[in-house]
Amino acid sequence: MAKAPPARAIAEPPITNRERPAEPKPYEASKDELLAFYKQMLLIRRFEEKAGQLYGLGLIGGFCHLYIGQEAVAVGLQSALDGETDSVITGYRDHGHMLAYGIDPKVIMAELTGRGSGISKGKGGSMHMFSTEHKFYGGHGIVGAQVSLGTGLAFKHKYSNDGGICMAYFGDGAANQGQVYESFNMAELWKLPIIFVIENNQYAMGTSVNRASAEDQLYRRGESFRIPGIQVDGMDVLACRGAAEEAIAWVRAGKGPVILEMKTYRYRGHSMSDPAKYRTRDEVQAVRDKSDPIDHIKKLLDEQGVTEADLKSIEQEIRKTVNEAADFAEQTPEPDVAELYTDVLVESY
Ligand SMILES: Cc1ncc(C[n+]2csc(CCOP(=O)(O)OP(=O)(O)O)c2C)c(N)n1
Ligand SMILES: [Mg+2]
C-alpha cells in the first residue's frame, strides 16, 4: 500500500490564533450618558411612528423603511464615533442613523414629505438623504452599494491621512452580495479604516436569514479575508457601544477593518407596503416583550434612580420635537419646479 503523504505544513496559524480586537465589554455609562442614549432612542422610535402615520395619511410617497426595534444599534455605535472626522454610510433604512448623528428631525421629516426644506431639497425622499456637513453619506437604495462606497470613503480617510474612519452599515440580506466581498478584500489588503456593520435584523424583505444564508453567523463572513468579526447584542445599547469602542480602537490603530454583526430585529414590515405574512405576530410580540431596547434602558435608568415622572417629561419633550418636525414637514412648500434641473449630472463622462 502506498504510504500516506506527509501532513502538509501549515504555513500560517488558523484565524483563531491571529491577533484580534479585545473581547468587548458592556459600556459603563454615566447616568447622563444613559439619559442621552434613552432620549436618542426614543426620538428615533417616536419619529418613525410619526413617519408611519404620515405615510398612512398619504403625506409621504414612494418607499419608506422604518427602523423601529433597531434603535440601540445606531445610537450605541455612533455615540462612539468622532463626528468631526469619521464618516457614516448606510442603506435605505436610514432615518435612525441620521437622528443618531444629531441631524435636525425637521429636515429629515421634510425630506420624507418631499418638501424643498428637506435635507435633499425634497428630491431624495426616505432612501436618499445626505449630510456632508455631518459626514453622513447616505441613504442608498441599491442593496449593498453602500459597502463599496463606504470602502471608498475609508480609502479617502487613509489617503488623506485625516484620522477618520468609516462606519458602513448593511443588512443580513446585503451580506450575501458579491460586491461586499470585493470590498472586504480591498479593505483588508490596504488596511483601510472601516467598520463593516451588519445589522442582522433576521429578515431581508420576506426571507429569513437562516433560509438565505449558508453561514448565518454573519460575524464570520470576513474569515477568508482575515477580517476579525464580533457578534453583538444589538438590542442592548451598552453592548453596542462597548463593541464600538473595541472596533474603533482596532481600526484607528491602522490594523484594518472589523466586522460587527449586530443581532437585532425589525418590528415593522420591510417597508410600509409589506403585509409581513412570512412571520407571526407572536414572533414579533415575543421580541418586544423580551428584548425591547428602549425597555432595557428604562430599567437601567430606574436602577439609577430616574423616576417615572422624569421619564414622562422626556417623553413629552420628544413628542413635542416630533410633532414640530411633522408640522414643519407638512407646512413648508414643495420644491420649485426649476429644481428639477438642479443637482443632476448632465456632463458626459
Ligand atoms: C441590488 C438590489 N437588489 C435587490 C433590491 C431589492 N431589495 C430592497 S431591500 C432588500 C432586502 C435587503 O435586506 P437586508 O440587507 O437584510 O436589509 P434590511 O431591509 O433588513 O434592513 C431587497 C432584496 C435592491 N434594492 N437592490
Ligand atoms: Mg435584514
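Residue numbering: from 1, along the chain as shown.
Positions of Cβ are set from backbone N, Cα and C atoms, glycine also.
Nobody curates TrEMBL annotations by hand; they come from automatic prediction.
It is 1-26, from the ranges 1-26, 261-286, 287-312, 313-338, that TrEMBL records as region 'Disordered'. Counting residues of the compositional bias 'Basic and acidic residues' (17-26) by DSSP class, helix then strand then coil, yields 1 helix, 0 strand, 9 coil. The average pLDDT the prediction assigns to the domain 'Dehydrogenase E1 component' (40-337) is 97.
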